[in-house]
Each structure stands twice: as structure tokens, then as C-alpha cells.
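These features come from TrEMBL:
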BINDING   CYS171, CYS178, CYS181, CYS187  [4Fe-4S] cluster binding site
DOMAIN    22-169  domain 'HhH-GPD'
Amino acid sequence: MAGAKSELNFKNPYELTVAVILSAQCTDKRVNMVTPAFFRQYPDVYSLAAARMEDVLELVKSISFPNNKAAHLLGMAKMVVEEFGGEIPSEVSQLERLPGVGRKTANVVASVVYGAPVIAVDTHVFRVAHRLGFSDGKTPLEVEEDLNGIIPLEERAEAHHWLILHGRYVCTARKPKCDECGVAGFCPSKKMM
């Protein structure tokens, strides 16, 4: 697990929040291609809050669901300026109030930039948790609760990244690389793959 971290490029809570909103149903690689120009144009939440929809849309048009994401980004920035004094909140419950920020995004931001002991359950974490027998939860929240029950508080932030990267590159949805897996000897699903 040592050294597992986000593959999104960011320098601060604002940049990570934008990047994670953009990453929904999109690859981190694509997001990392878009964010340098985005952050040159909108270097902080104040500049984004003052932006015009069409200008934001132009910068994110190569990302999946650009209209929705541009609207979410503008709404998020305006709410952060108006209700949180321009600071991205650190509490999951406050983050979840922001447009475009659901449980997964809130947990990523809280974990990565604020060190909160939370696990964001995306499609990769969901799959790996099921294959390794860590959860049989039917929803991301159920899987999150199961993982919280077995992963120590101090290891949750890094475990979240390890599970994502493991699911993205080793325990893939199709043709998992069980021969390359460091936990294959303990995996109840290996014999079924």
C-alpha cells in the first residue's frame, strides 16, 4: 500500500475539487489534459465563481457530460464563495452540499487534502472490495461502511488509493491480471477469473 496516491494533478483543495468533479465517468488522464488550461483561466474559486457558463464550457468540452460539469463547477464555486468564505470545506457533510459533489467526491477531497479517515467508493473500489470478499454491499455506501469496519482509521486514506489503483490496473473489470496480483493467494475470486 505504501505510496498509493491520487493520479489527478492538483496543488490545493480548490484544484482537487474541480478535478474530481470533472473526473466523474472520465479518466484521470483526460482530466489532467484539461485542468492546466482551466487553472490558468480560473486559478481560484473566486475567478471561477465570476466566470460565464460558455467560457467554462469551452474549457471542459472534451470531458464527458461537459454541460452538467460546467454548471456544477460554477455552482460549486459560487456556493464556496458565498457560504464558506472562499475556502473548500473540510467536512464531508459540508462538501456534499456543493453542486456536483456527491459522497465519493466529498470523501476524496476530505481524505486527500484534509487527511480525513474516509474511503471513497468508486467503481474500482466497489469491484475490488467484492472480489476480495471485503464486502457484499449492494451500494457504494454499504461497501464504504464494510470497508470502514475492517480498515484501521489511520490506513483508510492510503487504502482508498490502493484499492482504486489496484482495480484500475490489476483487478480490472474484464480480464483481471491475477498472475500479477500481490494478494492473489488470499483472493476468494481468483479461482473464478
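Note: Cβ is positioned from N, Cα and C throughout, glycine not excepted.
According to DSSP, CYS178 ([4Fe-4S] cluster binding site) sits within a helical segment. For the binding-site residues shown (CYS171, CYS187), fewest C-beta neighbours within 10 angstroms: CYS187.
In the structure as shown, the Cβ atom of CYS178 ([4Fe-4S] cluster binding site) sits within 10 Å of 17 other Cβ atoms. Counting every protein chain shown, 18 other Cβ atoms lie within 10 Å of the Cβ of CYS181 ([4Fe-4S] cluster binding site). In the predicted structure, the domain 'HhH-GPD' (22-169) carries a mean pLDDT of 94.
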